[in-house]
Amino acid sequence: MQSEAQSPRSSQICSTEPVFGGHQPRRVSHAVDVRWGGQLVTIGGDAPVRVQSMTNTDTADAIGTAIQIKELANAGSELVRITVNTPEAAAAVPAIREQLDRMGVTVPLVGDFHYNGHLLLRDYPGCAEALSKYRINPGNVGQGAKRDTQFALMIEAAAKYDKAVRIGVNWGSLDQDLLARMMDENGARAQPWGAQSVMYEALIQSAIGSAERAVELGLGRDRIVLSCKVSGVQDLIAVYRELGRRCGFALHLGLTEAGMGSKGIVASTAALGVLLQEGIGDTIRISLTPEPGAPRTGEVIVGQEILQTMGLRSFAPMVIACPGCGRTTSTLFQELAMQIQTYLREQMPVWRKEYPGVEKMNVAVMGCIVNGPGESKHANIGISLPGSGENPAAPVFIDGEKVKTLRGERIAEEFQQIVSDYVARNYGRTEALN
């Protein structure tokens, strides 16, 4: 018979306070400044993990592209990437920047170049100047002897105009000359690596080798960001762990072609969550395929929510809501939770400027008496709506104290006003701080 000292129950009792660790410290990296006018976004170093996005408009449509960039910036995107693939697109970039400046949108723009970037940056100096950062893909910057020359031309443009670059490797467009050479070298090994390991190594060598070549050409390490994008969760984790171990460059995280809807969100969250928890990653982009007619801003919100739920940054007040069960026969709490979440998101462009700190606020919308009062007390503001068979009243808690009870048909409107009043009362306007 098992003694008390050996029982599972007693072994779970700690005599000393256990160490409950959170995410690991951020990996040390070079800080890369990306600027436009007075707007400075630093990637890496001790800067917060940045959220960026990409337009899906025809860049040659300057007005349409500027409108979408403004939407992404208003949603909280700190950098916005645009495709620069044709002379028409390159010619439109200065007009896009001018439109944004007139609208008061100072978000830095990143030019996404493939195949012909060396020509576009040379032939359209206005484009080269209007962009704040260039994305270069080593896999398609040129083939054979042309590759080094064309890569050098892009790096020289970045140095000339003092622009940051992202050297972005993608396994769908990996440098085939490099991969073939590495496959041959692997075949000559006494104990050849698996094909997957060779692929990982090729991605990493392409990124780091290209970055070191850029440094040789005169670009500072504090002007370079690296990425090695793949579409598999475990592949991304494996590649970035090794990439992060082997270099000090700032790293851009993203699962390429993550997919649509919940699948894309889950895949991106699973991959980035592991890496961010380990302190790897300085900027993220969530590559979601939007549903027809859906706003492009969804990828920004998902990126923000990943960082916020992990406790790495705060972007908007968090709404805590129960999932519902047999005790919550009414849909009122679901509708209220959705309404409050939408309201908070809509207010953030103004609140972010006027009420610093509001992004850390928590609001609880609960559906019955089981967890409702408790969760509501833990939040800054909480409401516990009545469940099935309960008294048709909704107690409201502010900073842990019950302050009033709402009844009737206007619970949603009254609670929204309570939230608004709380924000105005507890988060000082910026002009009052100056």
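For all residues, glycine too, the Cβ spot is worked out from N, Cα and C.
Sequence annotations record features per position, and here Swiss-Prot assigns compositional bias 'Polar residues' to 1-15.
Look at Swiss-Prot and you will find 1-24 tagged as region 'Disordered'.
The [4Fe-4S] cluster binding site annotation in Swiss-Prot covers Cys322, Cys325, Cys368, Glu375. Note: Cys322 ([4Fe-4S] cluster binding site) has non-local neighbours Thr328, Phe333, Met366, Gly367, Cys368, Asn371, Gly372, Glu375, i.e. same-chain residues 6+ apart with C-beta under 8 A of its own C-beta.
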Radius 10 Å, atoms counted are CB only; among the binding-site residues Cys325, Cys368, which position scores highest? Cys368
Counting across all protein chains present, how many other Cβ atoms fall within 10 Å of the Cβ of Glu375 ([4Fe-4S] cluster binding site)? 19
